[in-house]
Structure formats: structure tokens, C-alpha cells
Amino acid sequence: MELRFPRFSQGLAQDPTTRRIWFGIATAHDFESHDDITEERLYQNIFASHFGQLAIIFLWTSGNLFHVAWQGNFESWIQDPLHVRPIAHAIWDPHFGQPAVEAFTRGGAAGPVNIAYSGVYQWWYTIGLRTNEDLYTGALFLLFLSTLSLIGGWLHLQPKWKPSLSWFKNAESRLNHHLSGLFGVSSLAWTGHLVHVAIPASRGEYVRWNNFLDVLPYPQGLGPLLTGQWNLYAQNPDSSNHLFGTTQGAGTAILTLLGGFHPQTQSLWLTDIAHHHLAIAFIFLIAGHMYRTNFGIGHSIKDLLEAHTPPGGRLGRGHKGLYDTINNSIHFQLGLALASLGVITSLVAQHMYSLPSYAFIAQDFTTQAALYTHHQYIAGFIMTGAFAHGAIFFIRDYNPEQNEDNVLARMLDHKEAIISHLSWASLFLGFHTLGLYVHNDVMLAFGTPEKQILIEPIFAQWIQSAHGKTTYGFDILLSSTSGPAFNAGRTLWLPGWLNAVNENSNSLFLTIGPGDFLVHHAIALGLHTTTLILVKGALDARGSKLMPDKKDFGYSFPCDGPGRGGTCDISAWDAFYLAVFWMLNTIGWVTFYWHWKHITLWQGNVSQFNESSTYLMGWLRDYLWLNSSQLINGYNPFGMNSLSVWAWMFLFGHLVWATGFMFLISWRGYWQELIETLAWAHERTPLANLIRWRDKPVALSIVQARLVGLAHFSVGYIFTYAAFLIASTSGKFG
């Protein structure tokens, strides 16, 4: 018999309909469901695929370096980072007429190019790269790593090199190696790079392999380290009039705690960053020696978990049984990893703009907006994925006997209380926030803006004041010059920090008012509702009062037939599906808020945000409509301009988004009838009927159509906003 796709499922391969293709694609990565899978092979397959993932990442980053070196303007950008537009790569399109060629030829290029809004120029400049040759070297090195990763992946699929199951289940060794090796050593190596290459480069000293051993990063070398006078490394830092990349105003310190920003670049002091990475390295190198392996010393994670019984016994058996539950469930481990990574990615979004670490990136407004939005969307997808795999864990891997009365079992026991509290919080936030917005809308519409309900966010302002913001006059903690907190840090980082917090030209602790109060609560509504849907999906994944045997139906099922009413749309997959819409809408509010507040800050008219953000019409008119006007003007009677591509993408994004509803708001029978009619017509049409298909065409399943609809909705939503964001920001600020 001929081998047909999918090879991993003979049952599916023999399906006579097009279901074979779609279900084959859908389950290609669900290794657990494949024929002849064993637990050991499952782990080996996933392990080998990690090498492929690394290869793709290295190839991609290599491509970035290569194209900028080949077609970019890195060397001329370095001469004037604030006015030269960084080029990502050249573009060639046979459709371009002369107006298009002229519109897209910028940044000092000879032909049409794309401008880089990713921040790579600022990053490479900060870490000490200075020439195209440096970029080519980096590209080749990453290409080498990519090849190495592919070889590693292939190697670990060979019988002699396949790790055993016991190797994968050795949690302590893995933790030690990842903490010390991955985080500790890499942070130490990065500190080394910053101290030996990046900091000298910021002071006009070009360190490469040929002079690496001759140039001391600090005049006294290792002397202060060996004699215990570590504070010497912080003496003589760069002065406030230091010109980045030159010797003018440069100091000699390598590890400092200055606080605040470099006045010229508006980014964190490189010597502060090096100090931070050294501290991280120190912590992780210690952490990576904590767990017991072959040597009989250190902690056993299992013992740690078993020992933690809650006091008084009222909270059950604590963490007993958790070690084996987590160690034997890939979905649990993936859920934990995704939850952590999702939070970290969102934190990256928040910190990249408020505490920028790359030189001059804070003044590249479009890049700031693009990076914030990019990281928040990625965080949203990763976090919803965490709950999806949490639900799969409960369906496939959870063993009630192993987890009797521990924290997992008690979560399931108390799920009604958890879900109803989340529901109450969501309802409260939703009705009150919408009520305030709508009230304010009506007041504006009737010409009585003074009757708006405007609430000052006094608690948030108090927190900002505690961190040193003096605008509000709270006179507390770091904003009080007489307090112990103020005096303790006065000789170290505090002056730099206070200067940064109270200088209104950066994004650190922006002044907030009633508009911020409302939008924060709108975002809180979105976060709580998304969480409600995800938590309910996971906690009800095994069963509910309505459907106690739900776990027997798997992760994604449409319904249990017509005989059991009400069993449609309640699979754990359906909860994930619904949560993604809420996640996207929530991040929409987050990014609208961030972008509008920053546009008014950058333009110097913060009063526009403050006055218009307290009612919905203000958001629709003064943010969305006002800022999309240039976008809609991408093509006009006078020809085209450099925003035309974004105008096209804006339209295309709407098209993709709207297409999603065709899959979301229709039923399977309609499509089945349509397909059969089209197949009938095809078979009776001359010439066309020469083309035959082996698989009988059938409509997508309900779950698949939902996935296709969700994918279109998500992609269209993000494309539309990306075009709006980049065009409206670059149209104003270049």
C-alpha cells in the first residue's frame, strides 16, 4: 500500500475525504497522539525539535545583520543617530513606477528601501558594533551557530545519541545546568562583553580580537578585584556632558550605580547595565549549585515540596505529590514555562520604553511604539497558551489519587468560588467603567462637560510619589527630602533616579489623571475577563456539573451529539478560543492607551489626551479617526507617498479580519452543501473536469472552522493596528 500523509496516523491516512489533510496538519505536532509513540520517543522528538527552533532563530538574526550590512546605512547612521533614518533592507518591486521609487528612496539610499523600526541599529550601536564588517562578522557567526544547531538536532535523532528517559526526568540536574549554565554563565559573559567591548566603544575605544588582550577595560586591571577594593570600579564614571562614542566627558568606571539616564542618549548608563548583569550572574551561579545531583549535597526538590505543609492543617497537604505530577507531565511544564515567559515578555514591553537601555532609542518614537506593541501582543498569545496547556494537563495527565488534597486538588475543589469571584470582579469593573465613560459621553454631547465624573487616581499617584515623583506634592518616602529612604540613597543612585523621574522628557512615571484612571480600569476589566475565561476553561476541563464526564471527550470537542443538549461550546479548547478574542481586545486598549498618551507627550500637547480620554467619543474621534487620516490618505490625487504601503496594509488587514467572520458566523451544513454543489458543477464542466481529486471534499469540522476564523481575526486585527501605529507615528515624527 502506498504511504499517504499523515505517516504518523495510519487511521487518518486511510480517510477518503479531505479531512485527512486538515486533521493531519492539525495533529502533526501532537506527538502524544501519533502511532507507535512511547514516552521516551516523545521526549526525544521534542528535544530534537528544540535544536531546529534554535537554528531558525539564529538564521533569522543572522539575516537581520547580513541585510543591514549589505543594504543598510549603519555606518552613516552612527554619525547622526537622531536624524538619519535607519534602513532595514532594500526593496525591489516590478510594479513600482517612478513615483513609488521616489517615495521609498530615503535614508540616503540609492533606491527604494524599508526603514527599520525594530531598534536593531540602536542595539548594535550600544553593544559596541561600529562598522559593516562587524555586522558581517556577526552574521557569519550566527550562521555558523545555526548550522551547528541543525547538526545537533540531527545528531540527537540518531540511535546512539538519543538521550534516555531518565535523563529527561532528572529535574535537579537540568535546573542546575539551566540556572548556572544558561543564565549564570551567559550573564557573566554578557557582563564581560559590556566591560571589554561596549563600554570602551562608548568612550571612543575600538576593541576587537587583535587588541583585546592589550586594552585594559579599567586602568588598574584586576587589582581592585584581587585586593577587595571593589568600590574603585565605580569611581570616575562618565560625566553628564559625555558624548556617546567619544572620549569627550568619558570616565573610567566600569561597574556603577548612577541611576537615571545618560543625558545625551536618554538611555540607562552602560556601566549601570554591566553592574546589573554581573549581579544577575552572581545570583544565578549560586542558584545553579543548590540542587542535589550525584554528589549527595544540596536540596532535593521533591523533599522541599513534601516538607511544605501549610500550618494548622486547614489548607490540606500543600505541595505533596506535586514533584511527580509536574515531572511526568510535559503539558504542566510547558504551561509553567509559557506563564513565566508571557509575564517576562510583557515586562520587557513595559521596561523597554520606561527604562530604555539602548542609546538614542528613546528618541526614535516609531520604534518605541512598534516594540511596545510587538511585545505586548506576543505576551498575550504566550499567556493564553499557558492556560491551554494547563487545561490539556488536567485532561491528559492529572491523576487524582497522586494529588489527593494538595494545592492542585484544592484548586479543583474550590473552582466554583474561584470562578464566581472572577466573574463578580469582571462584572463590577465592566459596568462601573462603562457607566462612567457613557455618563461622560452624554455630558459632552449635551454641552455640559463640567458635569463629567472625573476621578483622580490618588493611590497610583501616591505610589509614584513614593518612588520620587514630586509633581503631586505628596511628600512621601523618596519624594520627601527629610525621610530616611531619601538620605540612604543620596550618595549613590538616587540623584540620577530622581532627575529621571521628574524630568518630563522621558516615559518614566508619566503624570496621570482621570483619563488614565478610566482606561486603567477598562484594561483591568479586559485582564480579569480574559483570566476568567481561561481559568474556567482549565478548571472545568475535566468535568462540570453539566458534563461530569467531559475529560473523556478530550481537549477539543464540538458537542456530545443531539441527545445531550447544552454540551456544545464547553470544551477546554472553546474556552481558549473565546479567551483569545478577549486577549486581543484587551491588548487593543493597552496599546491604544500607550500610543495616544505618548503621541501627545512627544508632540507636547498632553492636554489633548487628558481632555479627550475621559469619554468614548474622545477615543474614537481624537485618537482613532484623527490618527488614521494620514493613513487613509496614502493614495490621493497627487500620487503616492511613503505611507502608501501602510495604507494598503491597513486595508488588507481589515479584509483579513473581516474574512474571519465568514468562518465564525456560519454552520458546517451550509459549507457542505456549497462544496457538493461546486463539486457537481466541476465534474460537468469541460476541461475543468480533467482535474480530479482523490479525496472527497468535505467541509471543515466545527472546531477547525473556528480555528481558521480565529486565525484570520487575530492576523487581520494585528496587521490593521500595526499599519495604523507605524504610519501614524512615522507620519508625524519621521
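Here, residue 1 is simply the first one shown, and the rest follow in order.
Just so you know, glycine gets a Cβ as well, placed from its N, Cα and C.
Of all ranges given (100-124, 175-199), Swiss-Prot attaches the label transmembrane segment to 175-199. Only residues 6 or more beyond the boundaries of the transmembrane segment (517-535), in the same chain, are considered here, and those with a CB under 8 A from a CB of the stretch are 384, 387, 418-419, 422-423, 425-426, 429-430, 432-433, 436-437, 455-457, 460, 575-576, 578-579, 582-583, 585-586, 589-590, 593, 613-614.
Within 10 Å of the C-beta of MET662 (chlorophyll a B3 binding site) there are 13 other C-beta atoms, taking all protein chains into account. The stretches the transmembrane segment (135-158) and the transmembrane segment (273-291) do not meet in space: the count of Cβ pairs below 8 angstroms, excluding pairs fewer than 6 apart in sequence, stays at fewer than three.
It is 18 Å from the Cα atom of TYR670 (chlorophyll a B3 binding site) to that of CYS559 ([4Fe-4S] cluster binding site).
Taking Cβ pairs closer than 8 Å, the transmembrane segment (643-665) reaches residues 100, 103-104, 628, 630-635, 700, 705-706, 708-724, 726-727, 730-731 in its own chain, all 6 or more past its ends.
Sequence-distant neighbours of CYS568 ([4Fe-4S] cluster binding site) (same chain, 6+ residues apart, CB-CB distance under 8 A): PRO558, CYS559.
All protein chains included, HIS654 (chlorophyll a B1 binding site) registers 15 other Cβ atoms within 10 Å of its own Cβ. Within its own chain, TRP671 (phylloquinone binding site) has ALA699, LEU700, ALA705 as residues 6 or more apart in sequence whose C-beta sits under 8 angstroms from its own. According to its DSSP assignment, TYR670 (chlorophyll a B3 binding site) is helical.
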